[in-house]
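Copied from Swiss-Prot, the annotated features are:
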type	residues	note
SIGNAL	1-20	signal peptide
TOPO_DOM	21-869	topological domain 'Extracellular'
DOMAIN	352-405	domain 'TSP type-1 2'
TOPO_DOM	891-898	topological domain 'Cytoplasmic'
TOPO_DOM	920-927	topological domain 'Extracellular'
TOPO_DOM	949-969	topological domain 'Cytoplasmic'
TOPO_DOM	991-1011	topological domain 'Extracellular'
TOPO_DOM	1033-1053	topological domain 'Cytoplasmic'
TOPO_DOM	1075-1080	topological domain 'Extracellular'
TOPO_DOM	1102-1485	topological domain 'Cytoplasmic'
MOD_RES	TYR1251	phosphotyrosine
COMPBIAS	1475-1485	compositional bias 'Acidic residues'
Amino acid sequence: MTPACPLLLSVILSLRLAAAFDPAPSACSALASGVLYGAFSLQDLFPTIASGCSWTLENPDPTKYSLYLRFNRQEQVCAHFAPRLLPLDHYLVNFTCLRPSPEEAVTQAESEVGRPEEEEAEAAAGLELCSGAGPFTFLHFDKNFVQLCLSAEPSEAPRLLAPAALAFRFVEVLLINNNNSSQFTCGVLCRWSEECGRAAGRACGFAQPGCSCPGEAGAGSATTTSPGPPAAHTLSNALVPGGPAPPAEADLHSGSSNDLFTTEMRYGEEPEEEPKVKTQWPRSADEPGLYMAQTVHGVWEEWGSWSLCSRSCGRGSRSRMRTCVPPQHGGKACEGPELQTKLCSMAACPVEGQWLEWGPWGPCSTSCANGTQQRSRKCSVAGPAWATCTGALTDTRECSNLECPATDSKWGPWNAWSLCSKTCDTGWQRRFRMCQATGTQGYPCEGTGEEVKPCSEKRCPAFHEMCRDEYVMLMTWKKAAAGEIIYNKCPPNASGSASRRCLLSAQGVAYWGLPSFARCISHEYRYLYLSLREHLAKGQRMLAGEGMSQVVRSLQELLARRTYYSGDLLFSVDILRNVTDTFKRATYVPSADDVQRFFQVVSFMVDAENKEKWDDAQQVSPGSVHLLRVVEDFIHLVGDALKAFQSSLIVTDNLVISIQREPVSAVSSDITFPMRGRRGMKDWVRHSEDRLFLPKEVLSLSSPGKPATSGAAGSPGRGRGPGTVPPGPGHSHQRLLPADPDESSYFVIGAVLYRTLGLILPPPRPPLAVASRVMTVTVRPPTQPPAEPLITVELSYIINGTTDPHCASWDYSRADASSGDWDTENCQTLETQAAHTRCQCQHLSTFAVLAQPPKDLTLELAGSPSVPLVIGCAVSCMALLTLLAIYAAFWRFVKSERSIILLNFCLSILASNILILVGQSRVLSKGVCTMTAAFLHFFFLSSFCWVLTEAWQSYLAVIGRMRTRLVRKRFLCLGWGLPALVVAVSVGFTRTKGYGTSSYCWLSLEGGLLYAFVGPAAVIVLVNMLIGIIVFNKLMARDGISDKSKKQRAGASLWSSCVVLPLLALTWMSAVLAMTDRRSVLFQALFAVFNSAQGFVITAVHCFLRREVQDVVKCQMGVCRADESEDSPDSCKNGQLQILSDFEKDVDLACQTVLFKEVNTCNPSTITGTLSRLSLDEDEEPKSCLVGPEGSLSFSPLPGNILVPMAASPGLGEPPPPQEANPVYMCGEGGLRQLDLTWLRPTEPGSEGDYMVLPRRTLSLQPGGGGGGGEDAPRARPEGTPRRAAKTVAHTEGYPSFLSVDHSGLGLGPAYGSLQNPYGMTFQPPPPTPSARQVPEPGERSRTMPRTVPGSTMKMGSLERKKLRYSDLDFEKVMHTRKRHSELYHELNQKFHTFDRYRSQSTAKREKRWSVSSGGAAERSVCADKPSPGERPSLSQHRRHQSWSTFKSMTLGSLPPKPRERLTLHRAAAWEPTEPPDGDFQTEV
């Protein structure tokens, strides 16, 4: 037994411990933190109502915050639970609040003997809340934690207590900031004090820094002395109402942020007298020394979360609720619904079939007594045939009949009509009556017991009267009938609900209206509002003011993005109102940057781009009116911080604000606004005609004590007392101005000029509209209204073409009027001009001009371009398309650099016209309008650049430096690259700001962006004029262009530029004016005229009047020019164009260039140059001419087989070896022409491949005969030189524009001295002999070779003729491959360099100059033919040929290697300058 005792003892102890340990304390112990104010019941505080349960409240910072508790005595709670409070420095989670048992109390008393009194006070810190006899107990604690305990044993309490007792709010908690008490917390304390006074029959008071409550003069305040806690318990500022107390002075102690103090008051003590200081509590306007109670209006709390949808499929509904904080001290109750419901669309219900309407109930089964009746319904299956409906087919119900009476039956009363069977297209309603009795024979009542009538006679909407399903902005809008409003969730980046109405057009077709986002708030703006509330919760004023600065900065950044909804604008107005109120309450002076940001935010909000958003937001709340009030309050907040005679000017893009402070006693001068000459003023203000003149007589108070209702607040309904400032709309608290006697000694005068506010304010009654800018004038304190109107206002129009203008002012007393809030009785219209209207008003307010808009305004808002713009663009486009079609049809014949430039120019004009029409549509989005403006800027500039490109092309053609491939790339860079560069730089610097506005899709007239178009256009016009002057001087110069075709082309380009460029400038200038001022019919008509004329002029100049196009059209029609030979590249034969190969064209161009080449040019203009140019790559630069040292010859390589004669020359007097002289070719208009130099041909055939290179720059073609060129004696020719043989008539008429060569001789030119003959022989060239055929007179023009040779011999093909013409030069091989060209080019260069070296060695010993002179004019070419077949030379001619061949062989082949005189062709005409001009004449021998 002894071993069992310890075991039993351990079991008992375990049970005891198990009973003592209760895990419930964690369930009935709660800790609350962050509670500012609340009233709680037992159910709220204690989830488990048991003894020892506790609820602990945490004070976040006892040094800054004070914790007040009010205990509302409830007898049942006190009797069953005995609640008490314990102030704690530390929170213990498992601390129990049970009272100790009597035995434990004795033990604790014995153990605590000898402890100090402080520890005893700590141990006895529990405060019995029910010890007092009064209904209230007020407690104030400065501890970290306050714990509420249930100390009694409520064994039967939960069951005995009534539900009302459990729900009774017996504890109220209030947390107050000692440094900055808010109006709400002070209002709660005042309410407690009033309730205490009413319950005790006297006034109760306690001290709290920063709070004061109204009381009656002479009343007393007493602290409660009822039985309560022991004297050891100190309750700071505590008031426990109870038993009698000695009377005391009734004064509520107050404090301020500059004079803070706290009083410790024990039970039975009286509060000390405190001085009166300035507070933030309102005071009576009639009795300044008496404090008034703060009026607290009811405020809605945040909406709760939406409930689940009422249906799991199909369409149901969702709801949410919100609670209202009750009003106090006569405040207004909360306005608006407490419950909000919306539709919800779930997934379609999985029903295969659909039941139709129930049929009517059948008759009752019995005529009397109880019975049953049935009804049935049908299943409508739209799917497969096997689908069925789920549910019962029939329905049965009981029918109660009366007992079968023994007497005759009768009908009972009719019941109510049933619901209509259809909602549209005529349904049916039924009602029934019962037969109350039957006859003795059991027969029913006579008559019918059912009655039917039609209902819902309105027709169902047709298919075209239903708006279809649409997916817009990530939202799906279900189909709806016309007139219905559909609600949907906001886009993912916002919260709230969006709505959209299905409208009906004038043609009876339903369409969706614009979605309404007035109830959508972006997440960024909601986060900013939460940040604002966090700053408001801060106790310190300085922190709250700095927080408001951060809020304004963040709001400016959000609005600068310009991506917000209409609901965000209303939310921003509310944020600005809270910021202004916080600045007032905290007495925080905003910095200059804060003021600038604030008004910049307002400028963003009232921008004209937000007109549609404001129209949408006005359907929910008059946000623009609220914004107007907030701006006025902020102006006076800034003005109060200014010094006397100090002013402030803030300028933004959409409003200008002037704030100044003037003393009441002496206003310095009259006030004029705005001051346009101030630095930093915007252009729209500087150039506007808006003006305000406020005479200083208006600025006078009505009386020293009570100013009159005037100023911006002086409109009807806006009068306030001298110590208050009217709050903005929706304010729940008013700003309290300090009771400073100097406050009313200064005027704060504010003036605001709004650029676009008239577009967003509620419109006046139709048909009027706000036609001018809006100006606001506000003065505080309010002034005495003058007896007669003295305020002069001039307002400029923002809508042109208006009629019947009226001056009006905004009436704040009718802010809720639906018809508008403009009042025309306050102002008088003095003068109306074309640009502005002058008004004279009596009261200070917000002013504007109301007028009737023009009739075409409705057409403009429809979104279609005006008729003149459409006509002008259409005519211009049709003309240009005609030009493009003609060029496309004959492109192979008119292809040139000028044609390519013209096509690009036409494309730029076509694109500009299309973009002008697109930009006039009002349905474009912001991004599309910006892109339209940028591309319009680009094509406008490109059209100017292509005109400049045409002028540049004509200039290059005039000076002869035209290289096709290289210049074409430069033309493209100038025509398209330069405009693209200008637009890219403009877009990069402005970030597309200014590209497109709310009124037009073009460059904005503000900010200087328009200079990005005007500047380059002006520079292009100036450069074009300079080039035109240069080209004109070149054409008119005596030594100008000799080539008639070049001269004609250059003149045509110059004339085109002179005509097209001014017309282009006028067209685009009128286009800019027509786009920016869409209501001006004059500008639109001018643009239509200029644009149409531009298209016709371009088509006429470059198509109908262009020679190439005329020739092509004539040849296509079979009418060709008869004066051109068929060898010409532009000639026709039998109505068909003669197509030349590329190589032939290059050869012909080279030959023509030789004849009409300018001085000092260095282009490949001969056959050799053509070959060298063809042998180069496309991107390779052509080589320059071979220029030797000064005084040396310049040779160019020639095509063909070059064999340098290396054989020794025969001796003197010996005949040279027989050889055949190669033909000589000269360049003519039609190509190469072979010269028949019979005096150079030996009798024997020569070897192939020998050439004689004649130097350039010395060829002289002069008419023969006496006195040619002014010389007395004809030039001699070497002895033995053969005379020219006469030509037949057939040969002389075969070539156009060439003179026949009557004589050709070699003579000694005086420019190079005499030739030093090493053999000592003297050569005397014989005098020239006139031709046997003819001798042309000086100055006579002879056409011996016509261009067109009729006859069958000239009917061969063009290609055969070209081959025959170039057969001697072996061009057939050259035309085969490009590689052959390159080989010939490099081979000729190498051989001629060797030949030049031989010539340079013999130049020093030769002093004579050989020249070849020929008859004919200086500007004509020499062409000769071969001798007629069968004609044999005479003996004398043969001897001359031998002597000449001997001389040639001796001089060119057998001279020693010494420096020789260069062999040149010399212009021997006496009328030519001494210094020979540069040329490029080359002849092949």
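FYI, residue positions are counted from 1 along the chain as it appears here.
Including glycine, each Cβ sits where the backbone N, Cα and C put it.
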Secondary structure content of the topological domain 'Extracellular' (991-1011), with strand meaning DSSP E or B: 1 helix, 2 strand, 18 coil
For the topological domain 'Extracellular' (1075-1080), distant same-chain residues with Cβ under 8 A (at least six beyond the ends): 799-801, 854, 856-857, 860, 866, 916, 919-920, 999-1002, 1005
Arithmetic mean of per-residue pLDDT over the topological domain 'Extracellular' (920-927): 72
Positions on the same chain near the topological domain 'Extracellular' (991-1011), where near means CB under 8 A and six or more residues out: 607-609, 611, 653, 682-684, 918-920, 924, 926, 929-930, 932-934, 936-937, 1072, 1075-1076, 1078
Composition by DSSP (helix, strand, coil) of residues within the topological domain 'Cytoplasmic' (891-898): 6 helix, 0 strand, 2 coil
